[in-house]
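Student: After the C-alpha cells below, expect a handful of questions from me.
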C-alpha cells in the first residue's frame with residue numbers, strides 16, 4: 001500500500017452525511033460563511049477536519065493511526081433561513097479527542113485554529129451537545145442552586161444583589177461602608193465590580209477585611225445571612241487561590257471570579273477549591289461580548305454558559321431581557337434553562353440546537369444585572385422566576401436617600417411582586433399597579449418610583465411558544 005502525497009478535498013474524508021451520531025460524541029452546530037466559490041460541504045468538512053485530526057495536506061503519519069476512529073465528521077448541513085451564503089454545519093467529534101475534565105482542552109480543539117481558516121469568511125459556534133459520558137468527568141458548580149438556598153436559608157423568591165459603585169476609586173473603608181448600608185437595608189448580596197482586583201487605591205486584603213466586617217454587622221442587625229462577592233480574580237492562579245483562602249479564613253459565604261479573562265483553567269481550579277471549602281462561587285462574564293456579539297463569527301453565549309456549568313460556578317451573569325426584543329427574550333430564556341435545568345429539549349425557536357442532559361451536575365443561578373430598577377421588578381420576577389439573582393447597582397445606590405433606603409425599596413418591590421404572583425395575579429399585566437400599591441406603605445419605594453418613573457416600563461404579556 002503506497003502513501004499518496006498531495007492535497008485533496010476535505011469533503012472526501014470529513015463530510016459523511018450518512019453518519020449516525022453516537023451518544024458519546026460531542027456534537028457542534030457551526031454557522032459557516034464560506035468564501036465565494038467554496039461549496040458548503042467543503043466548508044463544513046474543513047471545519048470538521050481543522051478542529052480534529054486534519055491538516056492541509058495528506059501526511060505520511062496518517063497511516064500510523066486510525067483516522068476513522070479519531071476524525072471529526074460533518075454529518076449535516078442546512079442553509080440559514082433569510083441569510084445569503086450562511087449554513088449551519090453539524091459536526092460530531094469522537095469523545096477520545098478530548099481530555100477528561102478540561103474545558104480548556106475542549107475549546108482548544110473545537111474553537112481553536114479553525115476560526116482563522118482562509119476558506120471561511122466567518123465561523124460561529126452556535127451550540128454544543130456535551131455527552132453524559134464527558135459531563136461525568138467534570139465536577140461542575142461547587143454547590144448548585146439547592147445547596148445555596150440551604151446555606152443562605154432563603155426560599156421561594158429571587159435573591160437580591162447590588163454592585164458597589166463607583167467601581168474604582170473608593171478606599172477600602174468607604175467601600176465596606178457602602179456594603180454595610182446595602183445589606184442592612186435588605187439585600188442578600190453585594191458585589192465587587194469585575195475590575196476590582198487589587199489596585200493601588202484599594203488592596204485586596206483591606207477590602208476583604210472591611211467587607212467581612214460590614215457583612216457580620218449587617219447579619220447581626222437583620223438576622224438574615226448576608227454575602228459579598230469578594231473578587232478573587234488575580235494575575236496568577238496561586239494569587240487567586242491565596243485570596244480565596246483568605247476569604248475562607250474570614251468565614252464569608254461567597255467569592256467571585258471573572259471566568260473569561262481569568263481563563264477556564266483558573267476557573268476550574270477555583271471551583272474545586274470552593275467545593276472543598278464550602279465557598280459559593282459567583283461568576284462574572286467580562287469579555288463575553290468580544291466573543292459572542294457578532295452574529296456570524298465567534299461563539300454564542302449559550303456555549304460559554306454550558307462551558308461555565310462544566311468548569312464550575314454557582315452564579316453567572318446572563319443579561320436582563322427587559323427592554324429587549326421578544327426574540328431575544330426567548331433566546332435568553334433558552335440559555336437560562338441550560339444553566340438551571342437538568343434536562344433541556346432541543347428547541348430551535350429558543351436557539352437550542354441539541355437536547356442536553358446534564359444528569360446530576362448541579363445548576364447555576366442566572367444573574368440579571370445592568371440598567372434595571374424597581375419598575376422592572378414585576379417583569380424580572382415573571383421572566384426569571386425564583387431561581388435567579390437580581391442585581392440593582394445604580395438601581396440601589398442611585399436612590400435619592402442613599403444606599404440603605406435604595407435597598408429597602410428593592411426588597412419591598414420584590415416581596416410585593418412575589419406575594420402578588422403567589423396570590424395568582426398576572427405580573428405581566430398588573431406589574432405597574434402592584435408596584436404602585438406597595439409604594440403606598442413604603443416611602444422608600446415611593447421615592448424610588450418617582451426617580452425612575454420617566455424610564456419607560458413596557459412589558460407586554462409574554463408570547464408563549
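Including glycine, each Cβ sits where the backbone N, Cα and C put it.
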Student: According to Swiss-Prot, 113, 163, 167, 285, 369 bind substrate; which one of 315, 317, 399 is listed for that same site?
Tutor: 317
Student: So what sits near residue 165 (active site, proton acceptor) in its own chain, CB-to-CB under 8 Å and at least six residues off in sequence?
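Tutor: Once residues fewer than 6 apart are set aside, residue 165 (active site, proton acceptor) is near 193, 393, 394, 397.
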Student: For the binding-site residues 113, 163, 369, work out the Cβ neighbour count at 10 Å and name the residue with the minimum.
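Tutor: Per-residue Cβ counts within 10 Å for the binding-site residues 113, 163, 369 bottom out at 113.
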Student: Measure from the CA atom of residue 194 (Mg(2+) binding site) to the CA atom of residue 285 (substrate binding site) and give the result in Å, rounded to a whole number.
Tutor: 9
Student: Just counting, how many other CB atoms are there within 10 A of the CB of residue 4 (N6,N6,N6-trimethyllysine)?
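Tutor: Step by step: centre on the Cβ of residue 4 (N6,N6,N6-trimethyllysine), count other Cβ atoms within 10 Å, giving 7.
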Student: A 10 Å Cβ contact count, applied to the recorded positions 167, 284, 317: which residue has the minimum?
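Tutor: Counting other Cβ atoms within 10 Å of each of the recorded positions 167, 284, 317, the minimum falls on 167.
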Student: Counting Cβ atoms within 10 Å across all protein chains shown, which of the binding-site residues 191, 285 comes out on top?
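Tutor: Compared across 191, 285, the most Cβ atoms within 10 Å surround 191.
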